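S.K.: Structure below; questions to follow.
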Amino acid sequence: MDSLECPQANGIVLTVALPNAPIREKWGKGVEFMLSCIAYSVGFGNIWKFPYTALENGGGAFLIPYLVVLFVIGRPIYYLEMVMGQFCSSGCVKIYDLAPAMRGIGVGQTIAMFVVMTYYTPVLAITLRYLFASFSTELPWSKCDPSWSRCIDSDNREYRNFSDPANQNLNVSAELYFTKTIMHRAPLAEGIGTPDLDLVLCLLLSWLVVAIILIKGIRSTGKAAYFLALFPYVIIMILFVHTCSLEGAGKGIKFFLTPKWDQLFTAKVWMEAVTQCFFSLSICFGGIIAYSSFNNFTNNVYRDAMIISWLDTFTSVIVGCIVFGVLGNLATVTHKDSIQDVVRQGTGLTFMAYPDAIAKFEYFPQLFSVLFFMMLFIVGIGSNLGVITSIITAIRDRCPQLENWKVASAISVIGFALSAIYMAPGGLDLLDVFDTYGAKYVTLTLALFELITFAWIYGVDRICRDIYFMLNIETSVFWRICWAIATPVVVCVILIGSFVEYKPVDVPLAYNVIGWVVYGVAVIQLPIWAIYAICTQKRSGFVKKVVGAFQPAQSWGPENEHTREMYNAANDKSKELDDEESERSSSLCKLVHRRVFN
């Protein structure tokens with residue numbers, strides 16, 4: 001039988017037995033929730049996006065706005081989503097029982113998660129393809145294929161005169177291996193093309209791994225989290241120690257951490273810091289709310305939010321040192337003056353520059369290649385589980401009679417079918433389109449409305465009362481200011497700035513139009529569900545229907561019926577006290593008015 005600790009006004013904590021045990025599946029242990037959140041939040045964004053973003057925005061100076069943004073935006077949103085998800089034991093759609101008119105936010109986030117799911121697993125497939133290739137007696141990208149023109153072996157450590165005009169257009173074999181052997185890259189203008197069979201098989205295996213973990217529900221995800229969250233750090237520390245021993249690694253790490261103070265005062269750096277914070281912590285995607293909804297009602301999410309947010313930042317910095325240490329070694333052995341000469345963005349950094357550097361390792365290049373791509377695959381699996389769990393939770397909250405294994409299996413089959421398109425020659429360009437419109441713009445837009453709904457419509461004061469009822473923790477002024485003012489304002493500024501500085505993806509116009517259609521489908525859920533909520537209100541009169549649609553539904557509150565009754569009683573008592581306080585204030589004002597003016 002469950003129990004709940006209820007703090008009383010006289011300081012006594014009353015423990016009440018809860019006769020109606022919650023029917024929602026729960027994490028096996030509290031630590032499984034925290035590890036699953038770590039596995040979800042620490043992903044590709046930490047491995048390649050953070051180092052490159054930092055490099056492009058002031059190096060070490062980028063860490064200052066990033067830490068400020070983490071403190072003012074990242075942690076407050078992370079904590080807020082954990083609190084709200086745990087309080088009502090609902091996913092990112094049903095949680096809007098707190099304001100049914102805003103349910104479109106959760107539906108839009110689920111659509112965005114579905115888009116992310118379709119292109120996230122293909123990156124896992126490419127990683128798996130490299131992982132298998134790493135077991136070769138000789139790394140296959142270390143040597144040029146005879147069919148490649150103007151190619152230099154990646155394992156060649158000899159001096160090459162890059163200032164010689166004859167060498168200006170040379171490409172290393174690792175880059176050509178990725179573009180020609182792995183992806184068979186071709187411009188999207190020539191069509192998407194036919195998916196590569198080897199990559200499709202790797203994609204199938206990736207989806208099988210995800211489906212096997214998800215098929216038994218949240219408990220199997222929690223058990224897998226011990227490995228998915230902890231083992232990558234073993235690999236990270238091995239790679240970090242090895243990187244520090246490489247020739248020229250210090251040069252690369254210094255380049256990564258050295259501040260360029262002139263860029264600190266540009267708006268672009270701060271915008272990039274906010275964007276990186278969102279995608280690094282995976283906030284406002286729905287995954288944190290979904291994971292938190294499987295917590296026990298009194299789990300200390302404040303502690304979990306603080307640990308995970310700081311660990312995520314620590315991971316980004318350490319991985320950045322690893323990546324740029326290796327790139328520093330690459331610049332040294334190839335006698336290049338600038339680290340930027342060996343840097344590629346996005347998938348290029350992961351699948352071109354880093355493999356090229358590994359090929360030049362004097363000892364055990366295969367071992368470090370296996371470790372690197374195994375780390376990538378594991379953190380990718382952990383993040384993908386959070387994405388798909390968010391979708392499964394949204395569906396099962398709406399249709400609880402559906403069994404988990406059926407929903408997980410259906411999503412995996414559909415996801416595999418849609419993901420295969422990214423394995424085609426034009427797939428990576430298509431990935432950029434959906435990542436920009438279906439993830440970045442949708443997430444920032446819905447994040448603003450999520451914060452407005454939680455902090456302004458539902459109300460910061462009520463959130464703080466809910467936290468006290470659930471955790472017996474008083475919420476400080478810092479969190480109140482962040483939730484009510486600082487975080488929504490900053491997100492609004494970043495959203496406006498991202499549209500002002502909009503640049504279409506470098507693909508044919510039709511694909512940018514498709515991207516905007518995806519964005520429109522996700523965002524239009526806001527007015528559609530608002531109209532539906534207003535029309536389905538049982539109150540008479542349009543104004544009352546509108547007001548009712550923005551007030552919590554009868555189903556809102558803790559999952560357990562007995563706990564919800566206690567919660568409603570506590571709310572009623574709080575309203576009575578507020579009314580009495582308001583009446584006393586009004587009486588005092590009247591008394592002062594009579595004595596002053598009469």
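Cβ from N, Cα, C; glycine included.
Okay, so TrEMBL annotates it like this:
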type: BINDING; residues: Val42, Asn46, Ser280, Ser383; note: Na(+) binding site
type: TRANSMEM; residues: 60-80; note: transmembrane segment
type: TRANSMEM; residues: 111-132; note: transmembrane segment
type: TRANSMEM; residues: 197-215; note: transmembrane segment
type: TRANSMEM; residues: 227-249; note: transmembrane segment
type: TRANSMEM; residues: 269-294; note: transmembrane segment
type: TRANSMEM; residues: 306-327; note: transmembrane segment
type: TRANSMEM; residues: 370-395; note: transmembrane segment
type: TRANSMEM; residues: 407-425; note: transmembrane segment
type: TRANSMEM; residues: 437-457; note: transmembrane segment
type: TRANSMEM; residues: 477-497; note: transmembrane segment
type: TRANSMEM; residues: 509-535; note: transmembrane segment
S.K.: I'd like the Cβ neighbour count for Ser383 (Na(+) binding site), meaning other Cβ atoms within 10 Å of its Cβ, all protein chains included.
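M.R.: So the number of other Cβ atoms within 10 Å of Ser383 (Na(+) binding site) is 24.
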S.K.: Mark yes when the transmembrane segment (197-215) and the transmembrane segment (437-457) have three or more Cβ pairs under 8 Å (sequence separation 6 or more) and no when they do not.
M.R.: no
S.K.: Of the listed stretches (111-132, 197-215, 269-294, 477-497, 509-535), which one yields the highest count of Cβ-Cβ distances below 8 Å with the transmembrane segment (306-327)?
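M.R.: Looking only at 111-132, 197-215, 269-294, 477-497, 509-535, the most contacts with the transmembrane segment (306-327) come from 269-294.
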S.K.: List, in sequence order, the residues of the same chain other than Val42, Asn46, Ser280, Ser383 whose Cβ lies within 8 Å of the centroid of the Cβ atoms of the recorded Na(+) site.
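M.R.: Along the chain, the qualifying residues are Ser41, Gly43, Phe44, Gly45, Ile47, Leu281, Ser282, Asp312, Thr315, Ser316, Val379.
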S.K.: What else in the chain is close to the transmembrane segment (407-425), if you only count residues 6 or more beyond its ends and a Cβ gap under 8 Å?
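M.R.: Counting only partners 6 or more residues beyond its ends, the transmembrane segment (407-425) has Cβ contacts under 8 Å with 117-119, 121-122, 125, 183-186, 190, 192-196, 199-200, 203-204, 207-208, 210-211, 214-215, 388, 391-392, 395-396, 431.
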S.K.: Do any residues at least six apart in sequence from Ser280 (Na(+) binding site), in the same chain, have a Cβ closer than 8 Å to its Cβ, and if so which, in order?
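M.R.: Listed in sequence order, they are Ser41, Gly45, Asn46, Lys49, Phe50, Gly74, Asp312, Thr313, Ser316.
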S.K.: If contact means at least 3 Cβ pairs within less than 8 Å, sequence distance 6 or more, would you call the transmembrane segment (60-80) and the transmembrane segment (509-535) in contact?
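M.R.: These two segments do not touch.
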S.K.: Does the transmembrane segment (197-215) make contact with the transmembrane segment (509-535) through 3 or more Cβ pairs under 8 Å, each pair 6 or more apart in sequence?
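M.R.: Contact absent: fewer than 3 Cβ pairs fall under 8 Å.
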